[in-house]
């Protein structure tokens with residue numbers, strides 16, 4: 001780490017107090033850092049750089065001279081610039097002649113500028129003061145010359161190998177960079193990497209990295225990526241590349257379907273071949289000797305214009321590339337009649353069509369039902385959307401008993417006769433107390449539940465006769481209560497929930 005170099009007088013310390021001496025030395029050195037410099041400065045070749053230096057807290061210290069000393073390597077010290085208050089500026093012979101100057105040219109601020117930087121200019125630069133009575137005091141700046149590397153990458157052409165020894169299939173390089181670059185690999189195939197670095201005379205570093213694996217024909221065309229990172233780059237630079245693995249050709253004949261019948265036209269065999277480099281020649285031959293007249297060769301295809309007994313033979317396809325030759329053969333058997341190949345099942349097709357039709361019908365029915373319900377809802381049809389209110393009681397039993405009625409003949413108010421039943425008004429159908437009747441006896445007598453809850457038929461006949469006589473007299477028939485008394489006005493229709501009534505039969 002860069003630091004301010006100083007020179008300060010030390011107080012006498014006893015030899016027996018080593019620990020205390022060390023502590024005092026640190027405290028005293030800290031209090032004497034009066035030469036202020038920038039610990040580290042970065043720059044690039046061909047550019048300029050300013051090296052700052054300043055003497056602070058001068059007090060009674062007398063400054064006599066300031067010098068800039070360059071240390072390119074350990075133990076080598078070269079004066080490159082000197083300033084004296086009386087004699088002025090001086091630039092001793094050095095690699096910086098003509099490229100270094102003072103910015104202000106004063107003892108308290110003797111900063112310098114170096115132009116046309118070179119990679120070899122990197123190193124330690126010490127600003128050293130000659131003072132009285134303290135002696136020499138100094139501060140050091142480390143100048144780092146950065147260099148952007150020249151990055152490159154490329155695949156290495158290799159041949160497929162049957163051994164287990166890995167070989168280099170791709171390489172990546174970051175040349176003449178400072179500081180050194182880092183290289184990483186990523187890829188579709190598993191491999192290992194080997195990285196080396198070499199330092200140049202000017203301080204730059206060249207980093208090389210190799211990607212190794214055991215190549216196979218399947219690795220040809222697979223992608224690997226080299227990624228280079230370095231301090232001068234804004235982001236890592238990547239180099240994707242495809243592997244190049246050479247191998248002899250492989251060949252396979254396709255197209256024979258075991259159905260070469262006499263008279264068939266345009267039967268085709270295709271010679272499919274792969275290889276790296278790509279196959280250069282494809283040759284068809286017949287093991288029976290001369291190629292039949294009905295056969296035509298077009299590139300890698302063998303076309304039989306019309307099948308006859310002459311093509312009842314074995315055809316051979318031979319493929320070549322720079323690395324070797326590969327062959328494949330197929331024997332064609334000519335038959336008398338065409339083989340009927342099974343097509344798709346008709347039953348399955350029909351079943352599928354029926355299934356689709358049924359599915360569409362169900363979907364259509366559901367859609368129609370939903371639309372109909374929606375229309376009913378918009379028109380107000382359909383079941384009620386709320387619960388009907390409970391029946392309202394309009395009068396109590398006591399009120400009914402004490403209610404005054406008007407005599408239809410005298411037109412005078414009279415007290416109503418007490419009723420054995422209390423009438424209620426209901427919002428729905430009247431409630432009939434069927435449980436009040438004896439099932440067996442009432443059914444036999446023709447009353448009760450079997451007769452709608454009314455009195456027996458015999459009693460109705462007698463009452464009906466009386467009503468007929470009254471009608472002959474021109475008067476309205478009175479209503480009868482349960483105890484046989486006449487009521488001039490019909491009872492209230494209000495009936496309490498839970499009570500039942502039975503009205504007497506009447507002829508009108």
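Note that Cβ sites are derived from N, Cα and C of the backbone, with glycine treated the same way.
The feature transmembrane segment, as given by TrEMBL for the ranges 279-301, 302-324, 325-347, 348-370, sits at 348-370. Over the domain 'Ig-like' (149-244), the average per-residue pLDDT in this prediction is 93. Here the domain 'Ig-like' (33-143) has, by DSSP, the following mix of helix, strand and coil residues: 3 helix, 58 strand, 50 coil.
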